[in-house]
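Working notes, structure below.
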């Protein structure tokens, strides 16, 4: 971009409001496959008991996923995506576009933030399972050598990077936070195996700090406070794809 350029403030003058929406990676990849200015789906905005409900439905033509991580695959992407609406939080966020002639235009000011999430379904669970399996495959492969390795390495009690890692781990005194989407993937994968988990087991599975894990669990799960499953967590109804077991008080 040029150091000096023309700035079109039409969007600011018209007080144009825009939404800033986070979408899953697979959804943006499917959108990119749409030809020309074709339709990628439908956005529905409705009122339910005074609350705004927003959802996106992906076009059926774009639902087929043919590769995952560069590997051939055959799976259908979830079509229904409810929005989780979030406030702007006192921030002033703006959207700019840049033309081929380096002209900047202010398109509008962000008035609403949201996260577009897939509705829990068999298709979504299958897609996440394939993604998790692909990401867990080793990137290094064993190879048979034709020649004898002549380089001599002396054994050491511990490597320097291991020493540094252990030192940092002791200094931190806590687990490092992983990406939120990665934690969600691990949780959904765990809840495919069992309906109920106590917090300690979920901490062991995800290797996440307790406070951070509980923040994420509150978005997708329910903590049981009574009955035979007291003090355990399970998925909220909208994220389940199994038959709910009967609870007793």
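Backbone N, Cα and C define each Cβ position, glycine as well.
The annotation N-acetylalanine is assigned in Swiss-Prot to 2 on the grounds of similarity to another entry.
A strand conformation is recorded for residue 22 (N6-acetyllysine) in the three-state DSSP classification. Swiss-Prot lists 22 (among others) with the feature N6-acetyllysine.
Per Swiss-Prot, N6-acetyllysine is recorded for 33 (among others), and the stated evidence type is similarity to another entry. Around residue 33 (N6-acetyllysine), the same-chain residues six or more apart in sequence whose CB sits under 8 Å from its CB are 62, listed in sequence order.
The annotation N6-acetyllysine is assigned in Swiss-Prot to 137 (among others) on the grounds of a large-scale study or a structure entry. DSSP assigns residue 137 (N6-acetyllysine) to coil in the three-state reduction, outside any helix or strand.
Residues annotated as phosphoserine in Swiss-Prot: 142 (among others). Around the Cβ of residue 142 (phosphoserine), the same chain contributes no residue under 8 angstroms that is 6 or more positions distant in sequence.
Sequence annotations record features per position, and here Swiss-Prot assigns DNA binding site to 227, 229 based on similarity to another entry. For the recorded site, residue 229 (DNA binding site), the DSSP three-state label reads coil.
Per Swiss-Prot, phosphoserine is recorded for 248 (among others), and the stated evidence type is similarity to another entry.
In three-state terms derived from DSSP, residue 142 (phosphoserine) belongs to neither a helical nor a strand segment and is classed as coil. The Cβ of residue 22 (N6-acetyllysine) lies under 8 Å from the Cβ of 114, 115, 116, each on the same chain and at least six residues away in sequence. Other C-beta atoms found within 10 angstroms of the C-beta of residue 229 (DNA binding site) number 18, with every protein chain shown included.
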